[in-house]
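Peer 1: Before I ask anything, let me first share the structure, which is written out below as structure tokens.
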Amino acid sequence: MFKSIMYALAVAPAVTSSSDKLPNGVVSASQLGSEKEKRKLKNVTKIVIVGGGAGGLSVASQLEHKFKNKGDIVIVEPSEKHYYQPLWTLVGGGIFSRKDSEKDEKDFIPKGATWVKDSVTVFKPEENIVLTKDGKEIDYDYLVVSTGLELYWDRVKGLKENLGKNGVTSNYSYDSCEKTFEFIKSLKPGNVAIFTVPTTGVKCGGAPQKILWLCDDYLRKHGIRDKVRLDFNSAGASMFPVKKYSEVLDKMAKERGVNQNFAHNLVEIKGDSKEAVFETPQGNKTVKYDMIHVVPPMGPHSVIKNSPLADPATGFVNVDKGTLQHVKYDNVFSLGDTSNLPTSKTAAAITSQAPILVGNLINHKLGLPLNHKYDGYTSCPITTSYSKIILAEFKYGFEVDESLPFDQSKESYFPMFLKKYVFPTAYWEGMLKGRWFGKNTLFNPIKTPEIN
């Protein structure tokens with residue numbers, strides 16, 4: 001695997017920016033008909049990708065490789081910066097600077113794509129049109145939606161105004177992830193540190209406890225672990241949704257003296273008095289803290305939730321869990337955090353989803369069956385110390401699906417090496433360029449023809 005990774009980085013071509021390209025994917029309403037006719041005559045397919053994060057850029061790059069000059073790829077994304085968010089755990093542990101997680105979005109827009117620096121406000125799938133905040137009307141032949149999750153900071157009273165001060169921090173924010181390590185270093189004998197998990201699904205189900213274990217290890221290395229109370233307050237019912245890993249983490253918590261408080265949902269932060277209020281089955285419970293790491297509630301963006309694309313039950317884009325095609329609109333696809341796929345929302349999941357989505361979109365274009373199926377594969381490297389990781393890999397039904405030749409529920413040095421030195425490079429130089437396929441490394445498991 002490692003040799004394959006190094007080879008990939010050596011041969012990967014440079015990405016050329018298209019940030020100065022005119023937005024030829026944007027037309028007025030009166031031009032829509034003529035533009036469609038021109039594309040039809042030239043056999044050009046227009047694909048609009050809403051969202052320029054991990055999912056959107058992965059799909060855009062893979063589509064560019066397949067469509068060559070027969071694809072008009074438009075990426076609608078307002079942000080000028082792109083973040084490798086899995087690194088924020090290690091930033092919170094003092095291993096990296098937050099600047100190591102940040103690059104310019106323009107450097108990852110495929111050279112054949114058009115970047116519309118805007119955000120979509122309305123989806124009109126019946127008309128094959130999206131409307132943007134700046135008043136643009138963009139038509140498409142195919143639509144890919146990958147807008148990610150919205151973090152609901154305001155759903156915990158007092159959280160927004162206290163974030164980054166009064167001992168309140170979160171590795172889910174670029175603005176506060178460096179504060180996490182500052183607060184860990186400030187812990188003293190007699191202090192209490194709390195780590196929370198909300199009622200909603202989150203980005204990477206194991207991330208809320210990664211910083212707990214780094215804090216535990218840091219305090220041990222500095223000889224005060226037995227004098228600082230660590231509480232894991234989760235709105236859930238277990239340490240992890242996959243039984244095999246949850247049992248190991250539960251045992252670890254008991255051995256390391258971590259207090260586990262399940263069915264504890266954070267509802268309020270009182271920064272001035274350093275108190276946290278939790279909703280429990282027995283009523284609200286107020287706890288004093290010196291440091292609290294908060295994972296905010298998360299969910300679909302309102303533009304998705306209120307659109308015809310949404311699953312009424314979840315608010316996420318309603319797709320077939322195998323093909324990633326929308327259940328109603330056959331020219332609409334979705335992947336990653338914004339989809340209603342019943343699996344953990346991680347970058348690793350996207351590495352498996354993207355080639356399947358691209359393969360099925362091409363099959364649909366060619367009038368072929370959508371025979372590529374996503375099995376729910378996802379992965380979560382759970383940092384258990386500064387040197388070791390439990391590498392959780394599983395698929396639909398929380399079925400274990402490990403890829404390394406050892407029991408991955410055991411703490412290991414090798415996955416930490418991957419997380420620190422391989423995965424970031426694979427993300428920037430492979431995944432976003434459409435040349436990294438997760439557990440399949442360089443080898444795209446989906447074989448589809450190029451469109452000429």
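Cβ coordinates come from backbone N, Cα and C, glycine included.
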Peer 1: Which one of Val120, Val122, Val303, Val327 goes with Ala54, Gly55, Glu77, Gln85, Asp337, Lys345, Thr346, Ala347, Ala348 at the FAD site, as Swiss-Prot has it?
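Peer 2: Swiss-Prot lists Ala54, Gly55, Glu77, Gln85, Asp337, Lys345, Thr346, Ala347, Ala348 binding FAD, and from Val120, Val122, Val303, Val327 it also lists Val120.
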Peer 1: Under Swiss-Prot's annotation, the disulfide partner of Cys380 is which of Cys204, Cys215?
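Peer 2: Candidates were Cys204, Cys215; Swiss-Prot matches Cys380 with Cys204.
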Peer 1: Sort Ala347 (FAD binding site) into helix, strand or coil using the DSSP assignment.
Peer 2: helix
Peer 1: Would you count the other CB atoms within 10 A of the CB of Ala54 (FAD binding site), including those on all shown protein chains?
Peer 2: 27
Peer 1: Roughly how many Å lie between the Cα atoms of Val120 (FAD binding site) and Cys204 (active site, cysteine persulfide intermediate), rounded to a whole value?
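Peer 2: Distance between the two Cα atoms comes out at 25 Å.
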Peer 1: Can you tell me the CA-to-CA distance separating Ala347 (FAD binding site) and Cys380 (disulfide bond), as a whole number of Å?
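Peer 2: Given the Cα positions, Ala347 (FAD binding site) is 9 Å from Cys380 (disulfide bond).
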Peer 1: Which ones, of the recorded positions Ala54, Glu77, Cys204, have a Cα no more than 10 Å from the Cα of Cys380 (disulfide bond)?
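Peer 2: The recorded positions close to Cys380 (disulfide bond) (Cα within 10 Å), listed in sequence order, are Cys204.
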